[in-house]
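First the structure, in the form of structure tokens, and then the observations on it.
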Amino acid sequence: MTDAATTPQIAAERVAQLRAELDEHNYRYHVLDEPSIPDAEYDRLFHQLKALEAEYPQLITPDSPTQRVGSLALSAFGEVKHEVPMLSLGNAFEEDDLRDFDRRVREGLDLPVGDLFGGGAEVEYSCEPKLDGLAVSLLYENGLLVRGATRGDGSTGEDISVNVRTIRNIPLKLHGSGWPSVLEVRGEVFMSRAGFAALNARQLESGGKTFANPRNAAAGSLRQLDSRITASRPLELCAYGIGQVQGELPDNHIGILTALKGWGLPISRELQLAKGAEECLAYYRAIGAKRDALPYEIDGVVFKVNNLAYQRELGFRAREPRWAIAHKFPAMEELTELLDVEFQVGRTGAVTPVARLQPVRVAGVTVSNATLHNMDEVMRLGVMIGDTVIIRRAGDVIPQVVQVVAERRPADARPVHIPESCPVCGSRVERTQLIKRSKGKESVSEGSIYRCVGRLACAAQLKQAIIHYVSRRAMDIEGLGEKSVEQLVDEGLVRSPADLYTLKFEQLVGLEGFAELSANNLLAAIADSRQPSLARFIYALGIPDVGEETAKLLARALGSLQRIQQALPDVLTYLPDVGLEVAYEIRNFFDDAHNQQVIHDLLARGLELQEEGELSPEFAACATLAGFIDKLNISGIAATGAKNLAEKAASLDGVIALSQDWLELSVTKGLSEKAKQSLREFFAVEANIQRARAIEAQLREFGMHWQSEKRVVAGLPLAGQTWVLTGALEVMSRDLAKDKLESLGAKVAGSVSAKTTCVVAGPGAGSKLAKASELGLKVLDEEAFLAELAAYGVVA
Ligand code: IVH
């Protein structure tokens, strides 16, 4: 909120100052890629500006960073005539096509062509990636963005001004100074791979339409009549040229792009100058080699004659400039026929459909299988066996079926059915259930995954389980490859991970691929793995949805296998990032008699878990009575209500008693009538009381007490301190350093602020270290940090 004493004049000054600051931060973030403040600080400045503008609406200007989203949906886009036509590019597919292009350029410019001994003049080219998105035109008048348009047919496009304004890295006002009074910037609006994946995940969750590729997603997002939808999509701009201009600009293309960058327009980081065709080809190969590693998709590179006078001299042919060409990469999408759908059984029993395809070459790789993910995906695609489908291979990702070409469906196409029994072991196949809890009530719905119920009796699951169990990040047993695991299982020598510990030398040497030495090495590796950390062991068990991080979290927070085995789903959700879904997976896993037997056998055969101990202080500290009430999910009682209730009632019994005491409840402050009503209703249900008591009892059994919630951390030496780790740590991993600090009661934060107690900076530390010195904070290098830890008796 703004200060009541603010006068309109002070407000106007503050607004101008905030806008200038935000402009600078935007420029550093989007153009230079060097933010100097954390996102949270940017948000604070932004909200200060918003609050001031709300109080003084007369101060709002269209170029204010708050004015990105128009609120009214359009009924249609207007038309925009392009003063300078938006052209397309000719294509080169082979290296010789590019050499021909370069020859035509030199001939067109009357430059000597040269012979085997050189002598020809080399033309300078600007080299840029060809992003796969949508071309846009952005018109700036006196530095202000006044119009955005699509390319359309090249001479007339659509007015998408409100939509382009929502794209964060497009400046509403040009940065710096010296720009032409009229400047039309052209570039590509695209979606990064990460943005695309996040959008599709979100769409799937909300039951919306998913997009086949980032290009379609960008196009679909930009051409929304409701700009609020566009605003919610992760679109970005990359500027690559100009249209109409009134004013001065450099006389070469790279100079112009560099000027645009200075004015706040993002340009490609891969922009380079090349002399002659061979350097262009070297650029093409270099970008091709890192194509899969780029954060966005490209379909080629673009070469442009750098000298503008040369560009004018060369001119155009039809709709293509003679001075530029796109050198394309092999396509990432191809058409082929879906021959069949088979079902694979994974480690957790998930039965997933796999597409068997008529082999087709996609971007240089022959693809004959593609994933179909799950049956929901099969439904969503509406795919049938015999269909012609579009296959997409993006980077290293497994090829995917992204679309069905409906008009090519043959008359004898067959639907895809999930098998009733497991294709490997014949056990029943069940659909998974999704558990949701809202307003204190649990509801169960059907999940998209089907599972074979055979568990380790299913050879497919057993093999995968063993492969996972021995893998490097799990039990790290070297010398047992997939082929050997298959043999061990097929020969009946291994029926559970516990059987690894009773393997005999004679059994191994009889197997294909095992000699005396390798058999002995494997037995030694198995013996060496008998003392895993609790986290490794939990991960190795292969609990569905429990990856390495969650396993570490469980081990660190709960401290013992026994507690992890017993934990109620509600208690598990106290862990950060553990939702009810995962919590139930964990619970179900340990409830299963078969799994219990495996764990029992593993321990009986001499496995000794390390690092078993106490509940972590962070976990103990997060279980406050208020948090506990909040987590019960009683409708109308959110964080604040829960806090008030906790203060009033002091214990669960107190809350229950209060809910049943009509008179007392009616005079309780800090709760709405509706909240009181639902509190009463919630605890009128015996099952809810029991659930709450069970959670409380378990938390107590684990050693936590509402009353002592603060003390657990308060007693620790670094309690109340906030530490930041930055740069590379050499002796201790960052994770471990964080653990150690937390075990001493400190909070470990991701960004530096005036509240930071100390910053540990290793080599390569950047903006955080700079900020720390700016603020005059205590900074330690790794050596000093280790010494400080040692002083508290903590060793690396
Ligand atoms: S220059 C006169 N540069 O490719 C030159 N285009 O086929 C006009 N594109 O419509 C385009 N990245 O959407 C140029 N670095 C780049 C580009 C690029 C992507 C797209 C653009 C254009 C199409 C031309």
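Here the Cβ of each residue, glycine as well, is placed from N, Cα and C on the backbone.
Record features (TrEMBL):
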type	residues	note
ACT_SITE	Lys130	active site, N6-AMP-lysine intermediate
BINDING	Asp39, Ala40, Glu41, Tyr42, Asp43, Ser88, Leu89, Glu128, Arg151, Glu188, Lys304, Lys328	NAD(+) binding site
BINDING	Cys422, Cys425, Cys458	Zn(2+) binding site
DOMAIN	713-796	domain 'BRCT'
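Structure coloured by features recorded in TrEMBL.
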residue: Asp39; record: NAD(+) binding site; DSSP class: helix
residue: Leu89; record: NAD(+) binding site; DSSP class: coil
residue: Lys130; record: active site, N6-AMP-lysine intermediate; DSSP class: strand
residue: Arg151; record: NAD(+) binding site; DSSP class: coil
residue: Lys304; record: NAD(+) binding site; DSSP class: strand
residue: Cys422; record: Zn(2+) binding site; DSSP class: coil
residue: Cys458; record: Zn(2+) binding site; DSSP class: coil
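For Lys130 (active site, N6-AMP-lysine intermediate), the Cβ neighbour count at a 10 Å cut-off comes to 21, with all displayed protein chains included. Note on proximity: among Lys130, Cys422, Cys425, Cys458, the recorded positions of the record, the Cα nearest Lys304 (NAD(+) binding site) is that of Lys130. Using a 10 Å Cβ-Cβ cutoff, Asp39 (NAD(+) binding site) registers 12 neighbours. Between the alpha carbons (Cα) of the residue listed as 'active site, N6-AMP-lysine intermediate' and Leu89 (NAD(+) binding site) lies a span of roughly 11 Å.
Residue counts for the domain 'BRCT' (713-796) under DSSP (helix as H, G, I; strand as E, B; rest coil) come to 31 helix, 15 strand, 38 coil.
Distance between Cα atoms for Cys425 (Zn(2+) binding site) and Asp39 (NAD(+) binding site): 52 Å, as a whole number. Report note: the Zn(2+) site is defined by Cys422, Cys425, Cys458, and the residues of the same chain whose CB lies within 8 Å of the CB centroid of those residues, excluding them, are Val345, Gly349, Ser421, Pro423, Val424, Gly426, Ser427, Cys452, Gly454, Ala457, Ala459, Ala460, Gln461. Among the recorded positions Asp43, Lys130, Lys304, Cys425, the residues whose Cβ sits under 6 Å from any atom of ligand 1 are Lys130. Nearest neighbour of Cys422 (Zn(2+) binding site) by Cα distance, taken over the binding-site residues Asp39, Glu41, Asp43, Leu89, Arg151: Asp39.
Cys458 (Zn(2+) binding site) counts 22 other C-beta atoms within 10 Å of its own C-beta, drawing on all protein chains shown.
Taking the C-alpha positions, the distance from Leu89 (NAD(+) binding site) to Cys458 (Zn(2+) binding site) comes to 56 Å.
Around the Cβ of Arg151 (NAD(+) binding site), the same chain contributes His82, Met86, Leu134, Ala135, Val136, Ser137, Gly157, each under 8 angstroms and 6 or more positions distant in sequence. Take the binding-site residues Glu41, Asp43: by the count of other Cβ atoms within 10 Å of each Cβ, the lowest one is Asp43. A separation of roughly 49 Å, to the nearest angstrom, links the Cα atoms of Asp39 (NAD(+) binding site) and Cys458 (Zn(2+) binding site). Take the CB of Leu89 (NAD(+) binding site) and look out to 10 A: across all protein chains shown you find 18 other CB atoms. The sparsest Cβ neighbourhood within 10 Å, among the listed binding-site residues (Cys422, Cys425), is found at Cys425.
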